[in-house]
Amino acid sequence: MAVSNEFPGAELPGAERPDPVDRLPSGWRPSLAQSGLVGVIALGLTLAVAELLAALGQLVGWLSPASSPLSALGQSFIGLTPEWLKQFAISTFGSNDKTALMVGMGLTLLLVGVVIGLVGRDRPRIAVGLAVVLLVVTGAAVLSRPDATVVDLLPLALGGAAGIGFLVSAFRRQLAPATPAAEPSVEPVADAQPTGTTGDHHPMLRATPVGPAAATRRDFFRFAGIGALAAVAVGAVARWIPSTAQVAASRSAVALPAATAGTAAAPTDVLDDVPGISPFVTPNTDFYRIDTAFVVPRMTTDQWQLRVHGMVDREITLSWSDLLAMPSLTHMVTLTCVSNPVGGEYIGNADWQGVRIADVLAMAGPQAGADCVFSTSVDGFTVTTPLDVLTDDRDALLAYAMNGEPLPVEHGFPVRMVVPGLYGFVSATKWVVDLEVTTFADATAYWTVRGWSAKAPIKTSSRIDVPRSQESVSKGKVPIAGVAWAQYRGISGVQVQIDDGPWMDATLSGDAGADTWRQWVYYWDATASGTHTARCRATDATGAVQIDAIADVVPDGATGLDERTFMVTA
Ligand SMILES: Nc1nc2c(c(=O)[nH]1)N[C@H]1C(S)=C(S)[C@@H](COP(=O)(O)O)O[C@H]1N2
Ligand SMILES: [Mo]
């Protein structure tokens, strides 16, 4: 058997099994504590490697949360804990009962590691066998998770390979005879002693190990030390990469404070019942998503902090609990992407809750001469926003909730910026962790480097939702309907033109202030069958009419009128 060759000590017949080390000329073997430590290090290495791979696998979306052996074991541990023990834990540890269970699990694992190491002192094959059993049990725990698939076993398998590899090498070191190269040096050293006690080992030789015993011992310690360091380092990296499960747990643990100000309620006169129109409030799951993140940045609320620095009187750092303790408001704001083509989908309206950016900046005290806030996301994406826009009456927010829920991860959990009136690329930094008060002369944002404008207020625009392009509609009252927006200025009117006829006023929904879009509808009486084109244009509250000249989205937003060609059938 291949494994037995790895362990000279294990080859000894069980009956006359003396301490195998007695046969080793090196004369050294690890103490009980050192052997136990070997098992613990092997276990630590296994878990660290597996957790790191599981975290990475979840980040890129290949693995489910079940791939984390610790969380799978923890869940099973909780599941297998008898009811009386759970009750005992709850009544004894209160809200720390989960922690108590985790500590219990940690101690159990530690004990298992020690046992494997101790068994491995004399019976390495059995120790490896125990390790394999432990891996199989953990694998079963992984597969027992509802969302698990076979690939979720991969991190555990590779972690297990690392741990067993370590065990095997450590056992070899502690049981191996001295290396042939070093062995001959024993006799000369012993012989060189000018003592009369020929043949006997001098006690001094044991006390000051030299030669192969010392070499074996040094090698063993070096090896164990490297193993321990690797386990700690890999474990630290794994912990630092928050898993999907960790972030999901962090998000569901958020208790949103009551807003101290703001009126986020949608108006009562919405047009949601016009078939096919965009609902006044966009559900989170339908909200457009635009970012440069190949992998969605994942951060827990514990990991989040916001540094405010640069041209300020005093640099500050806010934690999640600092932010939640500040007065918050709810504010309905329609977000728009500069890349939204005329008639496009990159727009949505939500009720945001958060802290006024102006309040946070005031704590730091922006200095004279600053005109810009350079914000950075945890993934390195950057944005420049005019300081005056962030401090004026428009209530730009550091938002932590969207439509009454903690921010969805892909929309910036735990904290993002929401600034009424500016396109997202110059205002809406998701996963924001850093605000630097600076000047536009000194700071250049991610998209500005790539040829987009440094400043980009949203252009007044409107979109036709129905009829859809090339849709066939019946004669009679045909609703022509959609949305119009001019955030921070507000919409005062929308007009509709059929073919090249006159512009006719549409009916508007209410709004939730100047920062939200308004729905609109015009019921056109279709009398003749045939192909028709509908066009729309909005007027903002300053009286300016939507620009009809066609402009591309680069560098600061598209212009032109949306139109739809549709068929009226008999
Ligand atoms: N970190 C980060 N934040 C970002 C972006 C990004 O790429 N990375 N894109 C911005 C752009 S261009 C837009 S339009 C909005 C979109 O926000 P949403 O995905 O929540 O709709 O986020 C902004 N915030
Ligand atoms: Mo955007």
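The chain as shown is numbered from 1 upward.
Any Cβ shown, glycine's included, is placed from N, Cα and C.
Positions annotated as domain 'Oxidoreductase molybdopterin-binding' by TrEMBL: 295-444. What TrEMBL records for 1-23, 182-208 is region 'Disordered'. Summarising the annotation, TrEMBL assigns transmembrane segment to 37-63, 100-119, 126-144, 150-171, 220-241.
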Most Cβ pairs under 8 Å with the transmembrane segment (220-241), selected from 37-63, 100-119, 126-144, 150-171:
37-63
Between the stretches 37-63, 126-144, 150-171, which one has more Cβ pairs under 8 Å with the transmembrane segment (100-119) than any other?
37-63
List, by number or range, the same-chain residues at least 6 past the transmembrane segment (126-144) whose CB is under 8 A from its CB atoms?
3, 39, 42-43, 46, 66-67, 69, 72-73, 75-76, 112, 115-117, 119-120, 150, 152-153, 156-157, 160, 163-164, 167-168, 171
What does the DSSP secondary structure composition of the domain 'Oxidoreductase molybdopterin-binding' (295-444) look like, as residue counts for helix, strand and coil?
25 helix, 60 strand, 65 coil
